[in-house]
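In TrEMBL this protein carries:
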- 27-225: domain 'Neurotransmitter-gated ion-channel ligand-binding' (DOMAIN)
- 228-252: transmembrane segment (TRANSMEM)
- 234-319: domain 'Neurotransmitter-gated ion-channel transmembrane' (DOMAIN)
- 258-276: transmembrane segment (TRANSMEM)
- 288-314: transmembrane segment (TRANSMEM)
- 538-571: compositional bias 'Basic and acidic residues' (COMPBIAS)
- 538-607: region 'Disordered' (REGION)
- 572-581: compositional bias 'Low complexity' (COMPBIAS)
- 582-591: compositional bias 'Basic and acidic residues' (COMPBIAS)
- 598-607: compositional bias 'Basic and acidic residues' (COMPBIAS)
- 614-636: transmembrane segment (TRANSMEM)
Amino acid sequence: MCLDVLALDGKSNGSCRHRDVLRHLNLTDNEDAMTRPGHNSPLEIELDVLLYAILDVDEKRQQFVSYLWVDMSWQNDDLNWNPDDFCGIKRIYLPTKLLWQPDLTIEEMTEKDKTLPSFQLMVENNGTVMLRNDMVLVSTCRMHIYQFPFDVQSCTLSFKSVTHLDEDLQFVPEKDPMWNTDWSRRMMQAQSEWLFIDMTVNKKTVDNFGFNQSMLVYTINMKRRSALYIANLLVPILFFFCLDLASLLISHKGGEKLSFKVTVLLAVTVMQLILNEILPASSNRIPLIVVYCIGIFGLMMLSLMETILVMYLVEKDNEADEDQILSDDFGDKLEKDSFHNSCRVLRGALIASSSLRCRSVSDVDLHRGTSRMSKNNLKDKINGNEVDLSLCNLTEVPVRELALFTKATVVDLSCNNITSLPPEFCNLTHLVKVDLSKNQLTCLPDDLGNLTSLQHLDLYNNKLTVLPVSFSQLRSLKWCDLKDNPLEAELAKAAGDCLDEKQCKQCASKVLQHMRELQDEVDRAREKRLLREKGLERKREVKQKDREAKEKEARKREKAEEKEKRRKEYNAQKAAMAAQEQQKKKNEEKKKKNGLAADKKAAEKTAPKPRRSLIGLVFKLLLLLLMGLAGVAAACRLTDLKKEAMCVPVNVAVDDGLSWAKEGVVRQLVQNLSSAAKEFLESTQASKN
C-alpha cells in the first residue's frame, strides 16, 4: 500500500517526513488502530453539524432536503508523538480505512447520501482524530401546517451510533448552537421559499431494542416566506368574494346573474384544488387557510341559492300575472253563461289563444326569414326533458332561452335554416342529445368539446367539410351521423356510411379517434414550435452573453492599456526627476570644488575676500534649495504624486504662497533678488581680478 503524504514544513530527509511519523505510529501492522480507542471507558465523540443550504421542503411527502457539513473528532491515546522529534510536524492526514471511525447514522434519513464520503482524516500529535463529511440529506420532517402560509417548521436530525451502546460511545456537541446558527446564516447558499431562523442541539439517551444509546438531536427551525401565497391565493379569493357581493346589483331578469355567480364559485373551487395540491392529507387539524376558503365558499353558495330562489319566485309571479290578464279578457264575454259552460269556454279560449299565438309567431318568422324564440314560446315546445324546435324555420339557435331550462337535455333543431352555431351554444353543457340534421351548417364552433355530457349528435345533410379539433374532447359521445356532408377524404373515411344504429355508433368512435389523432398532431406541432422558439431565445441569450463578454473583455483590455500607459508615464517622470537630482548633485560638487579653490586664492591675497566667497557660496546653496523646493512643488502639483500624503502640505504651502503673491509682495521680492544677484556678480568679478 502506497501513502502519498506531504510534509507541512517542506523537509524530505531524515525524520522530517510524514512517512517517518507513520512508521513511528506503526499503523500498517497495528491491529489496535482498527478498534475503538479507550476500551476501559466511554469514548466521547465531539459532533458538529453546519447547515449549508436548504434545498427543498416537500409538505406533501413530509420530506426535508438539506446540504450539511458534519465534523467529528475523538481522542486516540495510541496516536501521539513529539513534534520536536519530527521537525515540528504537528499533524498528518491519513486514509480513513487505516483507522477506526464511528459508525454514525441519522434516524430521519430516508434516502442514502449520494455524495462521496471523505477519504482522509486528520491526526494531531496529541492523539486527536478529526473527520469531516459533507452530505445531501433527504430526511423525514413532521409538518405542522395549521397556520399555513404563516407557519414555522422544525425539522430534527438525530445522530447516533448504529451498534455501539452508551457505555462505549458518548456523543457531545463540539461548539455552542449559537455559533452554528451564526455560521449557517453567513454561509447559507440557498433557502428555497424558507427563511432559516436558528439551530438547537439536545443530548439524550434512547432505548433501542432494549439497549441504551447516546444521541444528539439537532433541531432546524425555519419560517415560510408567505408573500407569494398572500398575493396568489388569499387576496384573489377575497376579490372573488367581493365580486360575488357586487353581483347583488345585477338584475334578476335573464340568466346573466346566475351564470356570473356560478363562474365565480368555480373560480374559488379552482383555488381550493390548488391549495389541496400543496397541503398534505396527514394533517391532524384543519388549517386556518382551509377554514377561510370553506367559509367564503359557503357564503357564496348561500348567495347562489338566494339568487335561484328569487328567480324562481319572480318567474312564478310573472306566470300568475299572465293568467290574471287572460282571465280579465274573457270575463266580460262569459258573464251570462253558467259556471260549467264558462269553464268549458274559458278552457277552449285558452287553447285557441295559445295555438293562435304560436301560429302568429310562426307566420312572422316565415315572413322575416329568422326566428327569435321567447321564453314562453320555448316553454310551449318542451315536453318532459325534450325540446322540439324542428320545422320552425330557424336561422339561429335560441341559446339564451335554452340556457334557462337546464332539465331539457334533448334538443331537436332539425329541418331549419341554421348556418352556424353561436359560441354560446358550447356553454349548454347539460345537453345529452342534439339533432341538427337537414340544416345549412358550414362549420361548428371551436369550443364544441365543452359539451362533455353530449352522447347523441345528428349532423345529417349539412354542408360541413371539417370538424373542430376540440371534437376529440366529446368523450361521452356514443352516436353520430355525418352522412350527406362534403367532408374531407380522411374524415369521410372515418365517418363511414351511418346506415344503421351500429354504423352510427362506429362512426362516433372512429371520428373521435380520428380527431384525437389530429389533436395529438396539433399538440406536437405546438410543442415543436415552442421548442423552436425556446431554442431561438436560448441562442439569442447566448449571443447576447458573448457580446457582453466581448465588450467586458474589451473594456478590461482598454483599462489595462490605460493603466500601463500611466505607469510608463510615471516611471518616465520618476527617471527624469532622478536624472535631475543626479545633475544637481554633480553641479553642487563642482560648485563646492570651485568654491574651495576660490577660498584658497582669496586667503592668499586679502582677508576680506574669503567673506565675499562665503556669501556667494551661501547664496548658491540658497539658490539650489529654492530650485529643489520648486522641483518638489512642481512634482507634487503636476504629477500623480499630488494624491500622496507627503505632497498634501506642499500643495497647501504653494497655494498659500500664490495667494500671498497676489497682494503685491512679488515685485519687492524680485527687486531684492535682482539687487542681491548684482552684488553677487560684482563680487565674483572683483575676486577674479
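Placement of Cβ uses the backbone N, Cα and C atoms for every residue, glycine included.
Long-range Cβ contacts of the transmembrane segment (288-314) within its own chain (Cβ-Cβ under 8 Å, at least 6 residues beyond either end) map to 146-149, 233-234, 237-238, 240-241, 244-245, 247-248, 252-253, 257-258, 261-262, 264-265, 268-269, 271-272, 275, 279. Model confidence over the domain 'Neurotransmitter-gated ion-channel ligand-binding' (27-225) is summarised by a mean pLDDT of 87.
Residues of the compositional bias 'Basic and acidic residues' (538-571) grouped by DSSP class, helix first, strand second and coil last, total 34 helix, 0 strand, 0 coil. When DSSP labels each residue, the compositional bias 'Basic and acidic residues' (582-591) comes out as 10 helix, 0 strand, 0 coil, counted as helix, strand and coil in that order. Secondary structure counts, DSSP: the domain 'Neurotransmitter-gated ion-channel transmembrane' (234-319) has 71 helix, 0 strand, 15 coil. The helix, strand and coil residue counts that DSSP assigns across the compositional bias 'Low complexity' (572-581) are 10 helix, 0 strand, 0 coil.
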